[in-house]
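Data block below; observations after.
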Amino acid sequence: METMVPVGTLNGEMVYGLPPVAFPNFHSAAAPPPKHSPKKHVRQQDDEQPYVKKPPNAFLLFLKEQRPNVVAGLKMTNNADINTELGLRWRSMSVLEKDRYFREAGDLRRLHEQQFPEWSTRDNYGKKRRRIRRKDPMPFKDEGQPGGPLPVTAAVTE
């Protein structure tokens with residue numbers, strides 16, 4: 001058994017503790033933590049196959065067909081507003097009007113099953129490469145933040 005060594009004083013009395021060699025795996029604040037090499041993601045052989053998209057559903061087919069009409073008709077450029085309008089239009093359609101899109105989606109789903117018989121959403125989940133989003137070099141300063149709003153440098157005229 002190891003002997004106790006003095007580590008300091010507390011209220012005028014000597015305090016004893018175990019020597020540092022008693023805990024070989026313990027890293028004090030002065031010692032740097034052990035360096036581990038970062039784990040690299042090991043790619044599976046499945047990644048060599050191209051990514052196969054899911055077949056579109058009825059609503060996606062409606063969006064694809066109607067988006068240009070909404071943009072041209074309402075002169076909108078904000079995607080959130082366009083999607084809101086398209087959602088309202090889809091919900092206001094009757095079942096008979098929607099049936100065309102459901103039939104087309106079913107046809108595309110069957111065609112997809114024939115082209116990719118081994119494909120399943122479970123096997124495909126998480127395989128799509130994520131986009132790398134770039135951060136804005138100068139974030140927008142809000143009126144509530146220190147510094148106030150950013151000054152307007154150029155005017156847009158129509």
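Every residue gets a Cβ built from N, Cα and C, even glycine.
Annotated in TrEMBL:
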type     : residues : note
DNA_BIND : 52-120   : DNA-binding region
COMPBIAS : 135-144  : compositional bias 'Basic and acidic residues'
DOMAIN   : 52-120   : domain 'HMG box'
REGION   : 27-52    : region 'Disordered'
REGION   : 119-158  : region 'Disordered'
For the DNA-binding region (52-120), the DSSP residue counts stand at 52 helix, 0 strand, 17 coil
Find the average pLDDT over the domain 'HMG box' (52-120) in the predicted model and report it.
93
